[in-house]
Structures are given as structure tokens and as C-alpha cells.
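Colleague: Quick one: the structure is below, and I'll ask about it shortly.
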Amino acid sequence: MSSDTSGSKRQAVISAFASRKRTLGFTLSPSLLWLLLLLMAPLTFMVVISFMSINDAYEIVWQPTMANYSGLFTGSGPFWETPFFHSLMLSYAIAGITTILCLVMAFPLAYFLARRGGRTFKVIIFLVLLPFFTMYLVRAYSWYLMFGPSGVINRTLLKTGIVNGPIGLFNYGIPAIVVGLVHAYFPYMLLSLYASMEGLDFSLVEAARDLGASRTGTLRDVILPLTLPGIISGSLFVFVPALGAFITPRFLGQGRVLMVGQLIEGRITGQYAIDYGSAASMFIVVSIVVAFALAFRYVSIEELGGV
Amino acid sequence: MAAETGTTTERADESSESPTFGHERRQRLLRRGLYVIVGLLLVFLWIPLVAMMFLSFAVNSSTFFPFQGFTFAHYTATFADGSLMTALLNSVQVATFSALIATVLGVLASFALVRYDFPLKELYRTFGILPMVIPGVVLGIALIIYFQTVLGMTMGPITLILTHSIYGFPFVLLMVTARLYTFDRSLEDAARDLGADPLTTFWDVTLPIVAPAIGAGFLFAWIRSFEDFIRAHFVGGTMNVITVSMYSMIKYGTAPKMNAISTFIVFVIAVALAVAMNVGNVTGYVAGTGGGEEE
């Protein structure tokens, strides 16, 4: 493969990587630089902006203020009646329901995949992964075709004579958004669960059964604790992106449901209100930090990386 | 708890001899129930996509009834749309450049994380995963503010490639570290003992073993960039990428072309995935096992 044409160059490369310290520097510094410049710095700056304001010329006024934060929660009524509080709570609820549904649905499938090898495994994992690899926008759009008063579901029900008017459940709104989000993030949950179940020693399950444990008892005392890392990391990878979702609520809510991601996007692209948008984003950022901190109480980072 | 999860699974023979007939029947019913659940889940995952694919060939492109027949007209109109094809090409270019950057950074970082100890390593890994988890709206806004007001850049291809390179980084990092953790270091030691220099060892032993994971990471990062709308919406400037075109197609209701281009993309990705799964055994890496069937 590698011929000895330029021996001196080779030696230079080898000696460059000879000391562990220098190798660490070579391997670590590019990504460190990237993460600092394109993740840490922007996020830090966003925190700063959230305490500043912008003037009519869209320039930043460098004067610390809490106006953005108080502005989020002031309206004609008490703070729980403000639009921001509403959409924040709605987002938490929708993301929570989505996470639970993903967990309930992915668990049996992950178990099935972990206990089955060969061809069945390959075919099913292909059928699961293909929608996952398909563009998010396409999947949101495909559900957009299904829902609505004259969407595929309602039209089909009407034409087959099962119902005689469009069913509200299949119109755009919260149920449609939840379905779209479950469809979008289900594979994250499945892959996390599968990763932890794949490493599970099923002889422990059999031992529990032999020793007289019931099926539910085995599930509760053996399977669930052993797959906890997968459950937690899967929930994290579903809950956090669902919280800040934008496309799905936009198309499947049709203006009737305002999640926090849409609210922020609207302010930024509509009015370039980066101060307001930053302050609102802080609630998502803080939620992520809290979710991660909670997760780390139960699993280590190695187990979390199993996705 | 952590100790057990690391052990390898022997798939137990499921046809265990059971003492009672009732037990066996219940076992069979449960297994059949599991098959039904798996089937229903696959239907759920596929039904909207299948409906969309069907509609891409239908004359009336937004609903089944009244059905007016099949046509290829939507496809010919889509491929004749110059601006749409430019957007597709732009997306391919952005995805390729950003996935390349993400792969180089991710592979290097994986070696550092798996093989060396350094202060704040755990924290570093958490930050490495963050770009994948953090909602696109937040990352998009943070970056547009940063690019515009701190760096004074104009939004365009460069800012988009930079954004997607940081977005794709965790996908490469996760896959390559998973592979390196299961990597048998004694193979490298053996090569060194047999007289290979470090560079030869890396090229002939380490890289071939890690290569499929690198490929899977690249593929993942590429697709994530290709399909991203929200980050591109913020930092893409006036650049027209495919998701931005598709977004406005949905918004202004031109369903025929949307069905056709979507179906076409699903088809291309299906072929790519099937090839990757059969040639490079991507499944193992994607499913996070790092092992796969080749062992």
C-alpha cells in the first residue's frame, strides 16, 4: 500500500507522532478549535446578547438590561397568560408526550431486533433506517399530505363511507404534530435502546424466569434496569430536538399551534429581534443543560454515547 | 450495572423445552404478538411515504380521491425546473464539503478521546455531542448573530458549510469512537512486534479496521447536511439549497413537484443505503454496536 519512495518524509511524520503529548495535540486541536469557534463562542455570545438590546438600526446597544426576559413574560394579564409562557409549556408537553410514545413504541422493536439476527434483522433495520435517512422535510411533508380536513386520511374515510364528515383528530393540530414528531425522532430512540439491549445478557432474563419471576417482574427488575442507559439517552435525543422543533409544528399545526421554536424563528426572520430571540432561546438552552445534568445522574457519558 | 452491559450477548435458543403445554402456548402467543407490533410499527413508519410516492405518479397530486390516473408529468416538470436542479447541486456541494470537514475533525478527535487521557475529557465529549442534539433554531440563531456581528461575514456558502461541519461532527465522532472502543489493540502491537513502523501499522492495520466506521460517519454527516432546512434557512443567505426550495414549495402549495422530488430523493437514498449495508456493513455502526457481522 505505502511504498518507501520518500523515506525522509516518512521519518518526519513518524517522529512528529512519536511523543504522546504531540499526538494528542495533533488529534485534539482541530476539533477543539472548531468547537470553540463555532459552538462555544456563538452560544456564549448569544447569552450576552440576551442581556443587551438592539436599536432601530439593528445595532447592538451595549447596556445590560433584563428587558428581554421580562418582556417574554409581560402582557395584559399575569405571566402564565403570556404567549411565550403558553408556547413554552405547550412545547414541553408536546416534547414529553412524543418522548413517551417513542419509548413505548421503540421498546418492543428494539427487543425484537436484539434477539434476532441474520436476514430478518437486516431487512427490518433497512426498513427502519430508510425513513430515518430520508429527509426530515420530506417526512414532515408526507404527514402534511395525510392530515387536514381534505387530507389523505379524511378523504379516504369519507370516500369509503366510514364517516360522513372530516374527523377533527385528523385535522392539523396538536395530534398531527405529535405524530409527525414521533415519526421524525423514533429512530433515535430505537437505536439507543437497541444499543443497550444488544449488550444485554439474555441468560440473566432466563435465570430470572427460572427462579420464578413473572414476566412483568422480569421486565421491571431485570430488563428495565439493565437498559436504563438506552432509555435515558434515547429520551434525551428525542426530547431535546422535539422541544425546539420548527418544521413539523409549522406544517402540521397550520398556525393553530405555536411551539417555541416557531415563535423564535418568527421574531428573528420577521423583525431581526436577535435580543428577544436570544432570550427566548435561553429557555431551550437551559432545558438542555438540565436534561443532560439529570441524565448524567443515572448514566455515564460512555453509555450515553451509544446512539 | 455498567459492567454487565459491556458483555457480549449469545443469542439464546428460544425454543426452550417447557414443562407445561399452557406455557408453550403463551410463549407462542407472545412471540406472535411481538411480530404484530413490529409489523404495525413498520406500517406507521412507511405509510405516509408510500402514500406520497403513490401521489407522485397520480394526476391529482394531493389526495387519492377522486383518482384520475397515472402520469409521469410531475417528474418531467421537476427535472425541467432549472432553479430546482441548481438547488439540488448546491446542496450536494455543501453536504460534501461540510461532511469532509466533519469527518477529518471527527476522526482525529475520536483517536484523542479513545486513546489519550487529558483534563476535562468528559466535558469535551459532551460538547462534542451537543451540536447534534441542540435544536436547529437555537444553533442557527446563535451562528447567524455570531457570523454577522462578531465576524462580520456575509451569509452564504461558506457560513453554511462551516455550520454544517459543526453539525455533522458528532455523528462522525460517535461512530468512530464506538469502533475504536471495540478495536483490538493487540493487532497493532502484533504489527509493531513483527517490525512494522508506526506509519505502516496505521495504514495497514488501524485504518482498514476503522474505515467502515469512518465511511458510515461521513454518510451520516452528509445526509444530515443535505436534509437540513432550519440552519440553512438562517445562515445560508441567498444561497438556494434544495431544502429551502422544498420548504417554499410546501408553503406556496406546489405539491406535484414536491412529491416527485421527494420520491426521487427517497429512491436515491434507498439505493445508497442498500449498497452501504451490503458492501460496508453500515448497520453495525449505525446501530451503535461497532461490532457487526464480519467478526
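Every residue gets a Cβ built from N, Cα and C, even glycine.
Here's the feature list from TrEMBL:
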type	residues	note
REGION	B:1-20	region 'Disordered'
TRANSMEM	B:34-59	transmembrane segment
DOMAIN	B:88-277	domain 'ABC transmembrane type-1'
TRANSMEM	B:94-114	transmembrane segment
TRANSMEM	B:126-146	transmembrane segment
TRANSMEM	B:158-181	transmembrane segment
TRANSMEM	B:202-223	transmembrane segment
TRANSMEM	B:229-248	transmembrane segment
TRANSMEM	B:260-279	transmembrane segment
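Mind mapping these onto the model and telling me what they sit next to?
Modeller: Distant neighbours of the transmembrane segment (B:126-146): 109, 113, 155, 159, 163, 166-167, 169-171, 173-174, 228-231, 233-235; these residues of the same chain sit at least 6 beyond its ends, with a Cβ under 8 Å from one of its Cβ atoms.
Long-range contacts of the transmembrane segment (B:202-223) within its own chain (CB-CB distance under 8 A, at least 6 residues past either end) are made by residues 95-96, 98-100, 102-103, 106-107, 167-169, 171-176, 178-180, 183, 187-188, 191, 196, 269, 272, 276, 280-282, 285-286, 290, 292.
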Colleague: Checking distant contacts: for the transmembrane segment (B:34-59), what same-chain residues at least six beyond its ends satisfy Cβ-Cβ under 8 A?
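Modeller: Result: 67-75, 255-256, 259-260, 262-263, 266.
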